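**Student:** Summarising the annotation, Swiss-Prot assigns active site, proton acceptor to 66. Marked as shikimate binding site by Swiss-Prot on the basis of sequence analysis: 15, 16, 17, 62, 87, 103, 222. Summarising the annotation, Swiss-Prot assigns NADP(+) binding site to 127, 128, 129, 130, 131, 151, 152, 153, 154, 155, 156, 220, 244.
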């Protein structure tokens with residue numbers, strides 16, 4: 001029997017998820033289909049219910065439905081609870097829905113694949129939206145020494161700090177801080193741009209002196225060419241830049257494993273996807 005999976009979003013035609021999951025399934029002999037479903041902005045719950053009623057086993061969720069998906073879940077992973085959003089839904093045997101957030105896990109997996117252990121690293125996270133919030137717990141659990149969050153609206157960065165310093169009786173209290181963008185000083189091992197500024201060819205207003213010859217810069221955005229943020233980072237002398245394509249594949253792999261109990265080969269799929277991206281018409 002072939003199991004049914006899907007990704008819900010609006011818009012959704014650009015989604016790489018059907019290609020990625022198809023590539024994951026092929027060498028593992030997993031019998032499944034995976035489609036992209038355009039849900040009306042005001043009709044996500046109805047679309048999801050219809051999908052599950054028609055035999056759907058699990059689903060990914062993208063913009064703008066991650067918070068709605070969170071609200072529909074009967075149970076949540078620790079990552080999803082703290083992210084306040086869900087990108088992976090699983091229909092359990094008892095008919096309940098479990099929600100996971102694999103975005104941050106995908107980011108960490110990609111960072112480790114590129115850099116090795118994150119233990120003791122000093123990380124600057126630019127942005128304080130949903131993408132930033134979803135990666136904080138996985139980064140802290142990966143053993144980073146310090147996480148500095150900086151955002152145009154400082155109160156949003158401070159809100160994230162308040163959320164995560166209250167976790168586990170303050171277990172992370174000394175490792176997460178918020179700093180105004182124009183007050184950033186010191187050296188960071190890794191700088192992560194979680195904003196979508198690169199999509200418009202723009203840069204977050206951070207000072208150039210935060211980049212040193214040892215700094216690795218990571219842009220969650222990706223494209224056929226180097227992103228605007230990563231181009232800027234290289235021009236300021238960054239040691240290495242990485243885009244978010246590996247995070248996309250990584251989060252998909254975590255979803256696939258949750259559903260199927262099988263760990264797919266991400267590097268093969270990442271190479272295929274990179275080649276596919278470069279071949280697309282500009």
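Heads up, the Cβ atoms here are built off N, Cα and C, so glycines get one too.
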**Student:** Express the distance between the Cα positions of residue 87 (shikimate binding site) and the residue listed as 'active site, proton acceptor' as a whole number of Å.
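**Tutor:** With distance taken Cα to Cα, the residue listed as 'active site, proton acceptor' is 6 Å from residue 87 (shikimate binding site).
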**Student:** Spatially, which candidate from the binding-site residues 129, 131, 152, 154, 156 is nearest to residue 62 (shikimate binding site), comparing Cα atoms?
**Tutor:** 131
**Student:** Between residue 152 (NADP(+) binding site) and residue 222 (shikimate binding site), how many Å separate their Cα atoms?
**Tutor:** 22
**Student:** When a 10 Å sphere is centred on the Cβ of residue 152 (NADP(+) binding site), how many other Cβ atoms does it contain?
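**Tutor:** So the number of other Cβ atoms within 10 Å of residue 152 (NADP(+) binding site) is 16.
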**Student:** If you draw a 10 Å sphere around the Cβ of residue 62 (shikimate binding site), how many other Cβ atoms fall inside it, taking every protein chain shown into account?
**Tutor:** 19
**Student:** Among 129, 131, 154, these being the binding-site residues, pick the one whose CA is nearest to that of residue 103 (shikimate binding site).
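**Tutor:** Result for residue 103 (shikimate binding site): the nearest of the binding-site residues is 131.
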**Student:** Taking the Cβ of residue 87 (shikimate binding site) as the centre, how many other Cβ atoms fall within a 10 Å radius?
**Tutor:** 30
**Student:** Within 10 Å of residue 222 (shikimate binding site), Cα to Cα, which of the recorded positions 66, 127, 129, 131, 154, 244 are there?
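**Tutor:** For residue 222 (shikimate binding site), the recorded positions whose Cα atoms are within 10 Å come to 244.
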**Student:** Spatially speaking, which of the binding-site residues 15, 16, 129, 154, 156 is closest to residue 66 (active site, proton acceptor)? Use C-alpha to C-alpha, please.
**Tutor:** 129
**Student:** So of all those binding-site residues, 127, 129, 131, 156, 244, which one's Cα sits nearest to residue 16 (shikimate binding site)?
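**Tutor:** Closest candidate to residue 16 (shikimate binding site), judged by Cα separation, is 244.
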**Student:** Is residue 87 (shikimate binding site) helix, strand or coil when read with DSSP?
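**Tutor:** Note: residue 87 (shikimate binding site) is coil by DSSP, not helix or strand.
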**Student:** Give me the count of other Cβ atoms within 10 A of the Cβ belonging to residue 129 (NADP(+) binding site).
**Tutor:** 13
